[in-house]
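Colleague: I have a structure I would like to understand better, so I am pasting it below and will then ask my questions one at a time.
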Amino acid sequence: MLLSELSHPNQLHGLTVSQLEEIACQIRERHLEVVSTSGGHLGPGLGVVELTLALYQTLDLDFDKVVWDVGHQAYPHKLITGRFNEFDSLRQQKGIAGYLKRSESHFDHFGAGHASTSISAALGMAIARDRKGEDHKCVAVIGDGALTGGMALEAINHAGHLPNTPLVVVLNDNDMSISPPVGALSTYLNRVRLSPPLQFLSDSVQESVKNIPLIGKDIPEELKNIKGSVRRLAVPKVGAVFEELGFTYMGPIDGHDISNLINTFNAAHRLKKPVMVHVVTTKGKGYPYAEADQVGYHAQSSFDLTTGKSIPSSKPKPVSYSKIFGQTLLKICEQDSKVIGITAAMATGTGLDLLQKNIPEQYIDVGIAEQHAVTLAAGMSCDGLKPVVAIYSTFLQRAFDQLIHDVGIQNLPVSFVLDRAGIVGADGPTHQGQYDISYMRAIPNFVLMAPKDEAELQRMLITSINYKGPTALRIPRGSGLGVAVMDEGWEPLKIGEGEILEEGDDVLIIAYGSMVQSATETANLLKNRGISACIINARFVRPLDQDLIIPLVRKLKKVVTMEEGTLVGGFGSAIVEMLNDNDINIPVLRIGIPDVLVDHASPDQSKEKLGLTPDQMAEKIINKFNLAKLNSKITVE
């Protein structure tokens, strides 16, 4: 059978192992073909091809449910659930998503883009199944990295206390970070664990003993204790942990041995209780470059399949904001040993890999544990250290209570750098950094800031580290503007002080962060129409520069706010609240992301759809305030 002929995963039923292995090869070919052209997550999906095929051969996916953690590794799932012909559109506007999405396919049983959610969701489905008297299977597939998340451990703790709730958790261990996957002892123990006579022997003996007159009622409890002791001796160390938490442990299993996987999954399904199947896979399996560099090939932009090298852009781009941040923080750490960089499993993405490489003693990676990262930093700051927590905007949402309870209320000097703030592009709604302005500006004591360019980023970083309270600095994804940066001598900013970038008499534009450049371009378009705009770089949303803004508002009486964040409770709302508190009642046009989910597309495509391009914003301003229009076409000077 050809992969292209698969429209339903149940078509895998009855196929031989050799046929499944052939389909596995086709999945990898298609996976590599598309990701090398359009970009996407590469290594995770390549590592779970056999796991996916074997698991799905043991399930009836018209009824059974599988929850994939994060979704990085779900490309093979998409290819065998009717999306082969659409796979070319992966992560493109109006194409299929890079993650699981319930609205995209009824086989996507639970949407995800953040880690550690799968076991909770699958357990919830299992409980609902049992309440309704149904009998389908519920499976969660989670990676060893995601298992470091507290939510996953909370779910395991809960599931282990529901011994009569059938649930299979597949632990996809692709980093050997939990236990060694090879060795005669592991192979032997796994073979013993999967042996039906041993698996059910103690249960059978226990049932027989119950029927012995007089003594039958007393022995089972002792037998139960003996059975538990034998299990603790027989199971590898990591397995014992799961057994103590109430799971039956199976593994570790070779995640690329389809025959063994099928036997293991069938054995797991027969047990009507929580089961942990530990599967060891190789991230990037089948593509040597991805196997050799599992971090670098976790996700890739377009690349040459033959050489494995990224295809360079036809037009050189400036250095990214993330890299400028990483370079600057490294220089600060070289001068101050109290400054500590903290990340939650995103060293390369946030730019902290430079610190990790050069001054590892001033670098901490807590794993996928955002809540812990925040409170860890809070504790460090109590005793004189200067923690800088670099984290994606979308992931910091997971630690909202810690931001309030452990940092804000105690007014602790912790610096947060929110990477990927604003529109992020092809990763879609689970990864858009559109909410941080709203959810952070309500927290007491926090200072919130965003730079207009790379040089201002450096000044804001040193400002944050020197400030005696909590700060949050948001930076956008991607390249900077090409503004020159400094190697040292960064001048701190005065907290809450904005700046006038351009004088004007007709309308006041107050822009925040990445939208300052867009405001300048918009003002140029308005100038072509005979409209003079005054531009303020707000720099801060908490506190706002009232001394600068209010006099200009009273003078111009027409106000526009611009932000790359949600309008609900965002920067524009902060300006309106400030004006209301000062009894200023004038029209305000708030420009930003409306109350919608921003789907996957390129950032430029998303901005156009949201009305955030300079020409669209110029038209909005003209229409809102009935400003005089000239007949000349709007063009950028």
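Cβ from N, Cα, C; glycine included.
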Colleague: Which of these, GLU5, GLU361, GLU370, does Swiss-Prot list as part of the thiamine diphosphate site with HIS72, GLY113, HIS114, ALA115, GLY145, ALA146, ASN174, TYR287?
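Modeller: Looking through GLU5, GLU361, GLU370, the residue Swiss-Prot assigns to the thiamine diphosphate site is GLU370.
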Colleague: What is the biggest Cα to Cα gap, in Å, among HIS72, GLY113, HIS114, ALA115, GLY145, ALA146, ASN174, TYR287, GLU370, the residues listed as binding thiamine diphosphate?
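Modeller: With HIS72, GLY113, HIS114, ALA115, GLY145, ALA146, ASN174, TYR287, GLU370 as the binding residues for thiamine diphosphate, the largest Cα distance is 32 Å.
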Colleague: Please state whether DSSP places GLU370 (thiamine diphosphate binding site) in a helix, a strand or coil.
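Modeller: Where GLU370 (thiamine diphosphate binding site) sits, the three-state DSSP reduction gives helix.
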Colleague: Using a Cβ-Cβ cut-off under 8 angstroms and a sequence gap of six or more, which residues of the chain neighbour HIS114 (thiamine diphosphate binding site)?
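Modeller: Sequence-distant Cβ neighbours: VAL70, THR394, PHE395, ARG398, THR430.
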Colleague: Cα within 10 Å of ASP144 (Mg(2+) binding site) is the criterion; apply it to the binding-site residues HIS72, ASN174, GLU370 and give the hits in sequence order.
Modeller: ASN174
Colleague: Near ASP144 (Mg(2+) binding site), how many other Cβ atoms are within 10 Å of its Cβ?
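Modeller: The Cβ of ASP144 (Mg(2+) binding site) has 19 Cβ neighbours within 10 Å.
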Colleague: Give me the non-local Cβ neighbours of GLU370 (thiamine diphosphate binding site): same chain, 6+ apart in sequence, Cβ-Cβ under 8 Å, ordered along the sequence.
Modeller: ALA344, ILE391, PHE395, LEU396, ARG398, ALA399
